[in-house]
């Protein structure tokens, strides 16, 4: 058995100070941009349909064909999945900091390129938009394991959950910022270039200026991320990577002495001798110690994202079906965009953002396990509360009840598994596999998001009258029952998740003790 290194002890017991908050802002701005980039596309898909797929001969505004809609919504998620696996592995091989700046540059460049998609013809614009959104997603994917690992390795053990949750909570502000930018841009263009509703003049209801609107919205999210690039590059490598993986305890001690602004006594411990471990991801030893943990983190994140992304990416379709947004032909293109953004802003403001910050406030008091269990339980209950009386809730005059219940499912997703599934994998695995295992867990989650994004679009189609280009589905009500079942499965798999509150990372991953010890799941 070995004891914890002095530099790591110093980090674990360090008082909360300025560098903690600086790290939250630097890592959090990446997540702000991630959320903005991933979810802003949901705001503009109806506008893209009107601009590029309106047929003057038909009596309805154009909408994206089924395959194009699925590609535009899902391609960034595919890129994110690949990025999580690749950068997660790279973060353990080359260091967290060395690849951290590259992910940000990739996000900024591809976000700008997405807005500059070539031409005015549907095929060219959609093709290039999908291409650049895949690589945008690739950069976004890298931010997940790197930001989580950096924050967990910088934080003290008492408030570690709070700081990792605060980084992730910036997603909520990113989603809200996306709706605010859309409201401002669409309002400005509506007043500068008034247009009649579709049913009066189909061609004039779109207006040539609308093509600028979605491009501005898609590109705008890069600004906050670009501003933090310099600070990302100035951050020192985490002490746990430098000492436990690179084997340079002298450098780790020097770096953290500057960060903590205090003298830390040096130790001359080389590389893997700090932990005494050399086994890898595919070894029997890893499966013995962490196999159940990896099953817990991957399965719960997968099941959460099936429900979370299907709800988030298709809010506009749900709002239209319950009559919260008027029929498309009664509005011009920019008015429809404005109304979709306003509806999503309300859900973000009342459900999404508060949920994230409730997690920040209570994660180190209640603990990860109980917050995750409560979140999945409440999501199941509220999803059933929408699905059972669905036919009643969608009738005129009952929309308020629907929106309140829908907002509550978002609140408990974020004050629940959407936050905890991000936090736990950054704490319970050994340093040399931490970023990789977080990447694997996150990528499994994104596989769930892809199933949610593609599957919900088709499954929620009406059993008798599906939208043009879609086959018959099981209907919105039955699709909500499926999501309730998914949440319940997430609740069951959450019983395998270990509680990591108040423990050092080395204690959790058993890097200080003999090989035979393991952490038992909380619920077993």
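Each Cβ is built from the backbone N, Cα and C atoms, and glycine gets one as well.
Feature annotation from TrEMBL assigns domain 'Major facilitator superfamily (MFS) profile' to 23-502.
As annotated by TrEMBL, transmembrane segment applies to 21-44 (among others).
According to TrEMBL, the feature transmembrane segment maps to 64-87 (among others).
TrEMBL lists 99-118 (among others) with the feature transmembrane segment.
The feature transmembrane segment is assigned by TrEMBL to 163-189 (among others).
What TrEMBL lists as transmembrane segment is 212-231 (among others).
The annotation transmembrane segment is assigned in TrEMBL to 345-363 (among others).
For 369-390 (among others), the entry in TrEMBL reads transmembrane segment. For the transmembrane segment (369-390), the list of distant contacts is 300, 304, 307, 359, 362-363, 402, 405-406, 408-409, 412-413, 415-421, 424, 476-478, 480-481, 483-484, 487-488, 490-491, 494-495, 497-499, 522-523: same-chain residues at least six beyond its ends, Cβ to Cβ under 8 Å.
The transmembrane segment annotation in TrEMBL covers 402-426 (among others).
Look at TrEMBL and you will find 438-459 (among others) tagged as transmembrane segment. Within the same chain, residues 66, 69-70, 73-74, 77-78, 80-82, 84-89, 91, 141, 144-145, 148-149, 294, 297-299, 301-311, 313-314, 317, 421-422, 425-426, 429, 470-471, 473-474, 478-479, 482-483 sit at least 6 positions outside the transmembrane segment (438-459) and bring their C-beta atoms closer than 8 Å to a C-beta of that stretch.
Packing against the transmembrane segment (479-497) from elsewhere in the chain are residues 292-293, 295-297, 299-300, 303-304, 306-307, 310-311, 368-369, 372-373, 376-377, 379-380, 383-384, 386-387, 390, 417, 420, 424, 456, 459-460, 473, 521-524: each is 6 or more residues past its ends and has a CB under 8 Å from a CB in it. Residues annotated as transmembrane segment in TrEMBL: 479-497 (among others).
Counting Cβ pairs closer than 8 Å and at least 6 residues apart in sequence, the transmembrane segment (99-118) and the transmembrane segment (402-426) reach fewer than three and form no contact. The transmembrane segment (163-189) shares the most Cβ pairs under 8 Å with 345-363, out of the stretches 64-87, 212-231, 345-363. Here the transmembrane segment (64-87) does not touch the transmembrane segment (212-231). Their Cβ atoms form fewer than 3 pairs under 8 Å, with each pair 6 or more residues apart.
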